[in-house]
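Chemist: One structure is given below, represented as structure tokens, and several questions about it will come after.
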Amino acid sequence: MKWHRGRLTQTLGAMGLTATLTVAAQAAGQGDMLDLAPMPPAKAGNPAMIELGKQFFFDRRLSGDWGVSCASCHDPAKGWGDGLALSKGYPSMEYFRNSPTVLNAAHRKRFLWDGRLDGADPGTLARDMITEAHTMNMDGRLMQERLQQVPEYAALWQKWRNDDINGMRVFNAVGEFITSLETRNAPFDDFAKGDSTAITKEAQHGYALFKGKAGCVSCHNGPIGSDGKLHKTGVPEHPDVLNNPLRTITMLRHYATSGMPNYMSARSDVGAYAISKDERDVGKFQTAQLRDLKYTAPYMHNGVFDTLEEVVAFYNQGGGEGSALSPLTLSTAEQQALVAFLLTLSGDPLIVEDPGQPDMQPRVFGKN
């Protein structure tokens, strides 16, 4: 996908290879030099809860019309996204943002592109997506009743806790499963632990640029390469959001339900402003993580860039309209080195097989 300079200038921000130098971050009082970090050891979860959450994640009965599951937009075979620029959302609707990977959710400070949900509460993320009309459109009470009529789920539930299936705990189980999904065996992690042969010389040069000349590390740091903050880098609008009435309707409804003033006059994705109502947040989106980029194209909050080369070229020009970034002045070879480095942050594909939907069996409540 090609974009003229005005659009191209907007996109590297949501994906976030920012041009602010690391020294600027230090000057802002952040102390020691920022850097990426290897993935930490996985936290021990509740095995019974994770198993239930996996079942629910793949079960279409958690959507209003049985048409979609969590895995419909977060497919293990597609990097736990959907491979589309803009998500389809609930059947008969079209969504206005990209479906991000759920990998490494345990390390997110905030969830969703506008950062509206606390990263410490994955159960609320599951509830938000399952009950939202434009994603899965499920009533929590109906969901609870459906799942109670699946004997296999009732048995699994008893392994976890000695009570009946409960709506909020269903969401918590899905959240527990999501937070068990993590990047593993990325070449960069071995390199960061001392194996100098784990990544190529070109990728090592890209890492030096990432921390130095390009200044990407100012916003992309920590184990998943995200500071979890909101930034405006002028990512271009995806034309289909306004050209496709179904996507426009979804966007405007999101604004309306968020209480955004004058929402009917909006003709762009205002980002975090719809949540905060602070005009300084117009066009701001959460810094994307950099893990598993090999599997999660297209990129940015609206999927406007098909390749990492486009992303790097966009940021090299200083971002888009309204961006505070400066051009990176990277040569073609330096841009290629940066892309080579970014790919080292991807681990082995994490494939989880769909366990299938267990049969339902109407519950017997006793004699009439």
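Here the Cβ of each residue, glycine as well, is placed from N, Cα and C on the backbone.
OK, Swiss-Prot features for this one:
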SIGNAL    1-27  signal peptide
DOMAIN    48-158  domain 'Cytochrome c 1'
BINDING   CYS70, CYS73, HIS74  heme c 1 binding site
DOMAIN    201-346  domain 'Cytochrome c 2'
BINDING   CYS216, CYS219, HIS220  heme c 2 binding site
Chemist: Validating a neighbour-count step here. Other CB atoms within 10 A of the CB of HIS220 (heme c 2 binding site): how many?
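Modeler: Total other Cβ atoms inside 10 Å, all chains included: 26.
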Chemist: With the heme c 1 site defined by CYS70, CYS73, HIS74, which remaining residues of that chain have Cβ atoms positioned within 8 Å of the Cβ centroid?
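Modeler: After dropping the recorded site residues, what remains is PHE57, SER69, ALA71, SER72, ASP75, TRP80, ASP82, SER99, VAL102, MET129.
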Chemist: Looking only at the domain 'Cytochrome c 2' (201-346), how are its residues distributed among DSSP helix, strand and coil?
Modeler: 65 helix, 9 strand, 72 coil
Chemist: Can you grab the distance from CYS70 (heme c 1 binding site) over to HIS220 (heme c 2 binding site)? Cα atoms, rounded to a whole Å.
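Modeler: It is 27 Å, counting Cα to Cα.
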Chemist: What same-chain residues, at least 6 away in sequence, bring their CB to under 8 Å of the CB of HIS74 (heme c 1 binding site)?
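Modeler: Once residues fewer than 6 apart are set aside, HIS74 (heme c 1 binding site) is near PHE57, TRP80, GLY81, ASP82, SER99, THR101, VAL102.
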Chemist: Where DSSP helix means H, G or I and strand means E or B, what are the helix, strand and coil counts for the domain 'Cytochrome c 1' (48-158)?
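Modeler: For the domain 'Cytochrome c 1' (48-158), the helix, strand and coil counts are 51 helix, 6 strand, 54 coil.
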